[in-house]
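Colleague: Swiss-Prot feature annotations, pasted as is:
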BINDING   HIS26, HIS74, ASP159, HIS163  Mn(2+) binding site
MOD_RES   TYR34  3'-nitrotyrosine
MOD_RES   LYS44  N6-acetyllysine
MOD_RES   LYS44  N6-succinyllysine
MOD_RES   LYS51  N6-acetyllysine
MOD_RES   LYS51  N6-succinyllysine
MOD_RES   LYS90  N6-acetyllysine
MOD_RES   LYS98  N6-acetyllysine
MOD_RES   LYS98  N6-succinyllysine
MOD_RES   LYS106  N6-acetyllysine
MOD_RES   LYS106  N6-succinyllysine
MOD_RES   LYS178  N6-acetyllysine
Amino acid sequence: KHSLPDLPYDYGALEPHINAQIMQLHHSKHHAAYVNNLNDTEEKYKEALAKGDVTAQIALQPALKFNGGGHINHSIFWTNLSPNGGGEPKGELLEAIKRDFGSFDKFKERLTAASVGVQGSGWGWLGFNKERGHLQIAACPNQDPLQGTTGLIPLLGIDVWEHAYYLQYKNVRPDYLKAIWNVINWENVTERYMACKK
């Protein structure tokens, strides 16, 4: 069974950039719903497998992708944020960003543009392309998980579902994007980068 991970900080810790009300609803209601629905879907899937019911297995795929993706994405997202975040990464990750995007500012512009440009709900991502050995920006619709749908290893995810910002930023997604850079946990992103290079 999957369970809701604890946040590594208090709900109000990311103020004023992301307010406590958003964090509480986002974590304790939205993420919790993905976890519960994923567990329910997996139970139904096991039953369908046991019965050899391929039609039922196929019918469950969208729910598995949506709720499984929601759980994977949010579990990464919470650790990608920190009250002590912001600034720029250091060391090898910064060098890789400069190599693959020209500069940190250009990278920031591109990931912001990809995230703002998601139509409807979805995610902006910095991922690692293991085959080519470099960083890549991608956007995924809904809760589609980055690795499961593109093969890129997720390093940094930006949630652009309205539930991630609407209570504070209303319909002005670019303002939310501007604010979130102040709480990006570059240590966590760097750890993810170093792990996938091994």
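Count begins at 1; order follows the chain as displayed.
Even glycines carry a Cβ here, placed using N, Cα and C.
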Colleague: Using Cβ-Cβ distances, find the residues under 8 Å from HIS163 (Mn(2+) binding site) that belong to the same chain and are at least 6 apart in sequence, listing them in sequence order.
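Modeller: Correct list: ILE22, LEU25, HIS26, HIS30.
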Colleague: Out of LYS44, HIS74, LYS90, ASP159, which of these recorded positions is nearest LYS106 (N6-acetyllysine) by C-alpha distance?
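Modeller: Given the candidates LYS44, HIS74, LYS90, ASP159, the nearest one is LYS90.
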Colleague: Could you check which of the recorded positions TYR34, LYS44, ASP159 is the closest Cα neighbour of LYS90 (N6-acetyllysine)?
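Modeller: If we rank TYR34, LYS44, ASP159 by Cα distance to LYS90 (N6-acetyllysine), first place goes to ASP159.
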Colleague: By a simple count of other Cβ atoms within 10 Å, which of LYS90, LYS178, the modified residues in the record, is least packed?
Modeller: LYS90
Colleague: Could you tell me which of these recorded positions, HIS74, LYS106, has the greatest number of Cβ atoms within 10 Å of its own Cβ?
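Modeller: Sorting the candidates by Cβ neighbours within 10 Å, the top entry is HIS74.
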Colleague: List the same-chain residues at least 6 positions away in sequence whose Cβ sits under 8 Å from the Cβ of LYS44 (N6-acetyllysine), in sequence order, or say none.
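Modeller: Sequence-distant Cβ neighbours: ALA56, LEU60.
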Colleague: Among the recorded positions HIS26, LYS51, LYS98, point out the residue whose Cβ has the most other Cβ atoms within 10 Å, with all shown protein chains included in the count.
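Modeller: It comes out as HIS26.
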